[in-house]
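Enquirer: Pulled from TrEMBL, these are the listed features:
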TRANSMEM  70-88  transmembrane segment
BINDING   G76, V79, N83, N341, L470, S474  Na(+) binding site
TRANSMEM  100-121  transmembrane segment
TRANSMEM  142-169  transmembrane segment
TRANSMEM  224-244  transmembrane segment
TRANSMEM  253-274  transmembrane segment
TRANSMEM  302-323  transmembrane segment
TRANSMEM  335-356  transmembrane segment
TRANSMEM  458-483  transmembrane segment
TRANSMEM  495-513  transmembrane segment
TRANSMEM  533-554  transmembrane segment
TRANSMEM  575-594  transmembrane segment
TRANSMEM  614-639  transmembrane segment
Amino acid sequence: MPKNSKVVKRELDDEVIESVKDLLSNEDSADDAFKKSELIVDVQEEKDTDVEEGSEVEDERPAWNNKLQYILAQVGFSVGLGNVWRFPYLCQKNGGGAYLLPYLILLLVIGIPLFFLELSVGQRIRRGSIGVWNYISPKLGGIGFASCVVCFFVALYYNVIIGWSLFYFSQSFQQPLPWDQCPLVKNASHTFVEPECEKSSATTYYWYREALNISNSISESGGLNWKMTICLLAAWVVVCLAMIKGIQSSGKIMYFSSLFPYVVLLCFLIRALLLNGSTDGIRHMFTPKLEMMLEPKVWREAATQVFFALGLGFGGVIAFSSYNKRDNNCHFDAVLVSFINFFTSVLATLVVFAVLGFKASVINEKCIAENSEMIIKFLKMGNLSHDIIPHHINFSAVTAEDYHLVYDIVQKVKEGEFPALHLNSCQIEDELNKAVQGTGLAFIAFTEAMTHFPASPFWSVMFFLMLVNLGLGSMFGTIEGIITPIVDTFKVRKEILTVICCLLAFCIGLIFVQRSGNYFVTMFDDYSATLPLLIVVILENIAVSFVYGIDKFIEDLKDMLGFAPNRYYYYMWKYISPLMLLSLLIASVVNMGLSPPGYNAWIEDKASEEFLSYPTWGMVVCISLMVLAILPVPVVFVIRRCNLIDDSSGNLASVTYKRGRVLKEPVNLEGDDASLIHGKISSEMSSPNFGKNIYRKQSGSPTLDTAPNGRYGIGYLMADMPDMPESDL
């Protein structure tokens, strides 16, 4: 060391002290968070302690009151309407009980590993989706913005479904239920049944005409449906009030919104099992058709259902986990929530087909009674001989077995003339094979079944209140996926942002409560989320496994959890999951290309649905939804790759503030050799506005390193400090 090294070091330290004085003299008085921190430049190695757990950031960020509240929030977000009206349909359509096997396999291959990945990055970095992916790779920061856009699109129409449920809930407090019978129309001469209802059914008519007052096509707006407009407003008011304080307000509601659906499902299951035909429905549901497991379509639909059932890519999972402590066992959470979701789907399937089995039994009894009367009529007219009817059969109280026996006899005797008799076989399986999903299941098939329940208004109230709670649980996670990243990134007040977001969403959502609004719900459901979310999750997997580095990520998890995750996850994240996701993306694109873009329109004159293609402007909207959702990814990549915007204005983190020290984090996070565990993102505390730069020279180096860097474009950079232990970085 040169003999004057001590003098040089003293001069350098004096320069640093002067810089600190400049900093404090120009400190922004509005930056309270910075005032609470203390700048100690001459930090001695032996005095360094890790105060991460006690930092102001840890104290300032909201946290869950307890582990149960957090689990209920994740369960409420992942368990939604799709578990009740999508999974049972897929199970019936794709082989019954045999469908559960590919679903479970894909849950283990795609679902749990990717769910664990999102929980991990959110919990470690403690930011919403924008902050998380900016931290891992600034060039891929558009992933977080794309998640927010998709969340907004989904929230627009998802809350409309909650509004529909609120409408049916409000109409359930009357006996008989308003959709129990077709309405009568009176004119000057006589009274008759409403023709549209007579051609369809009472529940179908009530849904399309009384509730939606639907138009004949998407091009016929028909004006606003004021009943649904009021219900949509009520739905957004509920969401806004529940979310206005973040998890501090929504967390308490989770106890009811997440648990109540299970109470209702169990009550429905017990009640349905006591009704005739429920076991027929369950047996039909779970009778395995093993040959269907070989069809690629079954695996594609199972993978899609796994993907959306857990809410991957929305940002809600990351947002909720960001409020956890860093040492929380998120691996246990991922496995627990995934299997709760799966068993909820199975429970909902049992309930749906037990109820539909009862409904099929009621319809089958009516069918047998009507056809028995026709046989009696044929016997009286001489079209059928009494000799062919077994003597033990009593047509006044005929059973299903007796009717099927007579039906088979008549079919054999009158082989040539049988079609002209117009007799129905009245098989309960025929009714159960009429697969329904979505709104058709909830607002038509299930409501019709409940009209045959004893005390039907009570069960109707319970059912639609359950749908409201299932929808709200998912909406909380969806809105959190929008609010949390924006608050973390742009430091706006959560209360104001929540109100603005809900008000804006309600105004845009008015397109869904026109008379043609149901067709727009179908459009958004088909095109705004599926492909963009698949691309988002593929990029998430690539960002962690290949950009950040799977080995570093595993080390981060080991440091965070206290144990190394099973090697299984290493191979899933690096090889299997990306390949499966790419295959699913290709299959979805091919399926979308082969399926003609259109929607099922309700034609009033025919009282039936008819498939219509989207008009040209409708196709433009469909394409625009997909492009807008994924557009942030290439835009952010180009901006940061070409340095079109000064890095100082958008970099997530440069300096970490800890109590008692300032730590430097690299600007180029992609090339950072330090793991996520070894640093905290500076966005956890807002940076001050400086009038002058602050910097630190390396010991023994006369060169000053300065560069514009930081959230607000302040223009400060602290050089690497080799005298500080790596564990503190």
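Using N, Cα and C of the backbone, Cβ positions are placed for all residues, glycine too.
Annotations in TrEMBL come from automatic prediction, not curation.
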Enquirer: Quick check: do the transmembrane segment (253-274) and the transmembrane segment (533-554) share at least 3 Cβ pairs under 8 Å, counting only pairs 6+ apart in sequence?
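Expert: Per Cβ check, the transmembrane segment (253-274) does not touch the transmembrane segment (533-554).
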Enquirer: Quick test of the contact rule: Cβ under 8 Å, at least six residues beyond the ends. What residues does that give for the transmembrane segment (575-594)?
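Expert: Those are 106, 109-110, 113-114, 296, 300, 303-304, 307, 530-531, 534-535, 537-538, 541-542, 545, in sequence order.
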Enquirer: Among the binding-site residues N341, S474, which residue has the fewest other Cβ atoms within 10 Å of its own Cβ?
Expert: N341
Enquirer: Tally Cβ pairs under 8 Å between the transmembrane segment (224-244) and each listed stretch (100-121, 302-323, 335-356, 495-513), then give the stretch with the top tally.
Expert: 495-513
Enquirer: Taking the centroid of the Cβ atoms of G76, V79, N83, N341, L470, S474 as the Na(+) site, which other residues of that chain lie with their Cβ within 8 Å of it, listed in sequence order?
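Expert: Here the nearby residues are V75, F77, S78, G80, L81, G82, S258, P261, T344, G473.
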Enquirer: If you count every Cβ pair below 8 Å, which range out of 100-121, 335-356, 495-513 shares the most with the transmembrane segment (70-88)?
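Expert: Out of the listed stretches, 335-356 contacts the transmembrane segment (70-88) most.
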Enquirer: Where, among 142-169, 335-356, 458-483, 495-513, 533-554, do we find the most CB pairs under 8 A to the transmembrane segment (302-323)?
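Expert: That would be 458-483.
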Enquirer: Relative to the transmembrane segment (495-513), which of 100-121, 142-169, 335-356 accounts for the most Cβ pairs at distances under 8 Å?
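Expert: Against the transmembrane segment (495-513), the leading stretch is 142-169.
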Enquirer: Hey, what's the Cβ neighbour count for V79 (Na(+) binding site) at 10 Å?
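Expert: Counting Cβ neighbours of V79 (Na(+) binding site) within 10 Å gives 27.
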Enquirer: Considering only Cβ pairs under 8 Å, which range in 100-121, 458-483, 533-554 makes the most contacts with the transmembrane segment (142-169)?
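Expert: Per the Cβ count, the answer is 458-483.
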Enquirer: Mind checking which residues of the chain, 6+ beyond the ends of the transmembrane segment (533-554), have their Cβ under 8 Å from one of its Cβ atoms?
Expert: 114, 117-118, 120-121, 133, 136-137, 140, 143, 146-147, 150, 307-308, 312-314, 564-565, 569-570, 573-574, 577-578, 581-582, 584-585, 588, 630, 633, 670, 675-676
